[in-house]
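Visitor: Annotations per TrEMBL:
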- 1-39: compositional bias 'Low complexity' (COMPBIAS)
- 40-54: compositional bias 'Polar residues' (COMPBIAS)
- 102-422: domain 'Membrane transport protein MMPL' (DOMAIN)
- 551-766: domain 'Membrane transport protein MMPL' (DOMAIN)
- 1-54: region 'Disordered' (REGION)
- 64-85: transmembrane segment (TRANSMEM)
- 215-242: transmembrane segment (TRANSMEM)
- 249-270: transmembrane segment (TRANSMEM)
- 282-304: transmembrane segment (TRANSMEM)
- 325-345: transmembrane segment (TRANSMEM)
- 357-380: transmembrane segment (TRANSMEM)
- 422-441: transmembrane segment (TRANSMEM)
- 596-613: transmembrane segment (TRANSMEM)
- 620-644: transmembrane segment (TRANSMEM)
- 656-677: transmembrane segment (TRANSMEM)
- 689-710: transmembrane segment (TRANSMEM)
- 716-736: transmembrane segment (TRANSMEM)
Amino acid sequence: MNNASSAESAETTDSADSDQSASTPSAPSAPPGSRASSPWVQQVSKYPQSSASGMSRAPRWLRVLLPAVLILVWVSAAGIGGPYFGRVSEVSSNDQTAFLPESADATQVQHVLGEFTDSDEVPAIAVFVGDSELSQDQLEQISQQVGGLAEIEGVGTPSPALPSEDEMAVQAFVPIDSGTDIADVANAVSDTLRAEAPEGVTVHLTGPAGLSADLIGAFAGIDGLLLGVALLVVLVILLFVYRSVLLPVAVLSTSLFALCAALLTIWWLAKWGALLLSGQTQGILFILVIGAATDYSLLLVARYREELRVTQDAWQACWKALKGSVEPIVASGGTVIAGLLTLTLSDLKSNSTLGPVTAIGIVFAMVSALTLLPAILVLFGRTAFWPKRPLYEPEAVAADHSGASSGLWARISRLLGERPRMVWVVTAVVLLVGALGVTQLKADGVPSSDLVLGASQAREGQVALGEHFPGGSGSPVRVVAGEEQLQAVSDVLLASPGIDGVSVTSADSPSGSAPVTEDGITAYGPPGTPAPAPTVVDGRVLIQGTLVDAADSQAAGDTVRDLRAELSQEAPGALVGGVTATAVDTNRAAIHDRNLIIPIILVVILLILIALLRSVVAPVLLIATTVISFGTAMGVSAVVFNHLLHFPGADPAVPLYGFVFLVALGIDYNIFLMTRVREEAIEHGTREGILRGLTITAGVITSAGMVLAATFASLAVIPILFLAQLAFIVAFGVLLDTFVVRSLLVPALSYDIGRAIWWPSRLARKADDAPLPVKDDQDAPGGTDGAK
């Protein structure tokens, strides 16, 4: 049936198209001043029925071959790229140190750690907590359990079980080989300990390895669950929008095939070392490609539906729709890409890599929407819209083009035309009030134990550890300094109220390290035993300080900052690293990136808009309204996070990511609107063009906003604090921009300003800019009585 439809359209071309102007009935004439004679309803003149030229007159064989080849190419790309969904973990990392700049102290310390020890291991901390004081039998059972952990593949030699001073808990360090699957090994250790724990004893596994296991487990659903939820949500919206069976499948296929091709490209770039992937980057890529490709598809399908009503042949209709969609799609996609690529200027590699990764995704989203989807639409013809196929009805279009005189958006347009200043002033005040919540935003970092939402064994273990031992056990501050600075560094650490004990790495010590006091390295054994010598590598030693507070706490971060300040005076050149220092350096780099990137994005997008709209005033207006929208989204989000969801805070990168996506995507919809407004303004004047552009584009842009908001909201299914916050910020911000900023604030303010929004282009000097007075409810929104 589908092929027959296409063939029938193709066969009609040579005869019907050549005589289109003669065979197509013209719209009946109407008396002056009537609705049919208004310029508002004469839009059909934009769809000439004369013979076409170029690609629109392609021979029948090309009309079948070209779409078939395009579909075959994309199916092949999807077939090759599809299996890579399950292989992303091979080229991704969630290690914070890997994303720090090379100049960071924590990075430099991490690079030399392997030189001081023979193994590359990540410590897990097993914490045993009794209901009361632990008995001797319980202590012996725990010691046997700990000793038996070495039999698990990937586990090194555990430390002896160390009781707490209150005799209610025991801790043991369990080294896990970093070359293994840390999550699998950590889970095996935890299961073994819990299965054999003495009666009345609760077991927790925490420390760096425990936290990594929780994080890896939280990201486990990113390949299947996240993608499945996103696709399902988009499918439901598309079914509601199109009331069709085939069209939603075609649009979803366009999005999914684009993601497959993008993932294939990105996987190999990461494999070759050109990109650095993380779990959160992967999740954002999935959502952004699905959302963007669907948005671009919605715009193209809307144009195609318009053309089918005034163009009998599906090939010509699709070609005209494609020509009308290329500019806004490429302009909006290019704007998003430009905004994303500014992230390459970041210090944090997690930020700088996100830029090119997501930019590649947007490129494939655009290409897929402009090649694969048109190919599918041409082959199916009007059948793609079944059961509500658009009819060829140029007379009806001439009488009421795009439903311009009725419907919700027509009523909104009339309101804007009657009271533009009231609309934009009230809207702006409401948005600014919402933006006041930004003062409550807490985006200075969160403890690593709070990164995973819901139940977390590592977080529970960290709490138990802090109740019975120094909170920083297993995650010490590490200082690399010259051999001659050993005592000076040790004295600074010992004098710090945030440090519980100091040791130095020593190959002579059975435990691998020797305690250091004010008198120097402490000797083991009977009197007269010499003190172990520190391990010296290239004239440097590794000194470790056990933190009093949990390694991921704000207090521990303050301790690291104080130590760095003190050591810069007492031991110049000493490097401070470790888990806490890594978090401190990451937050500092994230704040630097946020302060640097946000202004650059604004400048880049402003320049693009100036070039696209050939104006200065309109781009400044669009940037200003988008920034207000972002401020409101962040303000409302801060209130929700603090008072409804009770989140502990936010990563400094959350506002940056929110800004990048909301500003780039918010401008995206404004480009869709304003390019159509400019097109209408050229023929009908600015104020009339604003109302016409809003009414014509409102449906597709609103649908696109709902799709993008829904896809970003899907990020919340991954129990990671960062992604949950980003999901809410972007989803709420996109809906705010779609239904309030783009629908009310921008058109009302533009209408109030009038033709001056196009300054300094020639369009700003177009004399006939007066709105048409409304005669009754059936008149065109903002229309005037009489012709221009």
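Including glycine, each Cβ sits where the backbone N, Cα and C put it.
On this model, are these features tucked inside or out on the surface, and what's nearby?
Guide: Tertiary proximity for the transmembrane segment (64-85) is limited to same-chain residues at least six positions away from its ends with a CB under 8 Å from its CB atoms, namely 6, 10, 58, 223, 227, 256-257, 260-264, 267, 368, 371-372, 374-376, 378-379.
If you look at the transmembrane segment (249-270), the same-chain residues 6 or more away from its ends with a CB under 8 A from one of its CBs are 74-75, 77-78, 80-82, 84-85, 87-88, 91-92, 231, 234-235, 238, 276-277, 285-286, 289-290, 293-294, 297-298, 301, 357, 360-361, 363-365, 367-369, 372-373, 376-377, 380, 384.
With a cut-off of 8 Å between Cβ atoms, the residues of this chain six or more beyond the transmembrane segment (282-304) that come close are 88, 92, 219, 222, 226-227, 230-231, 234, 238, 241-242, 247, 250-252, 254-256, 258-259, 262-263, 266, 317-318, 320-322, 324-325, 328-329, 332-333, 336, 354, 357-358, 361-362, 364-366, 368-370, 373-374, 377, 657, 661, 668, 672, 699-700, 703-704, 707-708, 711-712, 714-715, 718, 723, 726.
Remote same-chain residues near the transmembrane segment (325-345) are listed as 292, 296, 299-300, 303, 351-352, 354-356, 358-359, 362-363, 365-366, 369-370, 593, 596-597, 600-601, 604-605, 608-609, 612, 660, 663-665, 667-669, 671-672, 675-676 (criterion: CB distance under 8 Å, separation of at least six residues from the stretch ends).
Listed by sequence, the residues of this chain that lie at least six past the ends of the transmembrane segment (596-613) yet keep a Cβ under 8 A from its Cβ atoms are 331, 334-335, 338-339, 342-343, 345-346, 351, 619-620, 622-623, 627, 656, 659-660, 663-664, 667, 671, 674-675, 678, 758.
Sequence-distant contacts of the transmembrane segment (620-644), counting only residues of its own chain at least 6 positions beyond either end whose CB sits under 8 Å from a CB of the stretch, comprise 428, 431-432, 434-442, 602, 605-606, 609, 650, 655, 658-659, 662-663, 666-667, 670, 674, 725, 728-729, 732-733, 736-737, 740-741, 745-746, 749-750, 753, 757.
Residues 284, 288, 295, 299, 327-328, 331-332, 335-336, 339-340, 342-343, 351, 354, 590, 593-594, 597-598, 601-602, 605, 609, 612-613, 618, 622-623, 625-627, 629-630, 633-634, 637, 689-690, 692-694, 696-697, 700-701, 704-705, 708, 712, 726, 729-730, 733-734, 737-738, 741-742, 746-747, 750 of the same chain, all 6+ positions outside the transmembrane segment (656-677), place their C-beta atoms under 8 angstroms from a C-beta of that stretch.
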Visitor: Mind checking which residues of the chain, 6+ beyond the ends of the transmembrane segment (357-380), have their Cβ under 8 Å from one of its Cβ atoms?
Guide: 2-3, 5-6, 63-64, 66-68, 70-71, 74, 246, 250-251, 253-255, 257-259, 261-262, 265-266, 269, 275, 277, 281, 284-285, 288-289, 292-293, 296-297, 300-301, 304, 314-315, 318, 321-322, 325-326, 329-330, 333, 336-337, 340-341
Visitor: Are there residues at least six beyond either end of the transmembrane segment (689-710) with Cβ under 8 Å to its Cβ atoms? List them, or say none.
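Guide: Same-chain contacts beyond the flanks: 40, 43, 230, 233-234, 237-238, 241, 291-292, 294-295, 298-299, 302, 402-404, 407, 409-410, 412-414, 416-417, 665, 669, 672-674, 676-683, 730-732, 734-735, 737-739, 742-743, 747, 750-751, 771, 780-783.
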Visitor: Determine the mean pLDDT over the domain 'Membrane transport protein MMPL' (102-422), rounding to the nearest whole number.
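Guide: That stretch averages a pLDDT of 85.
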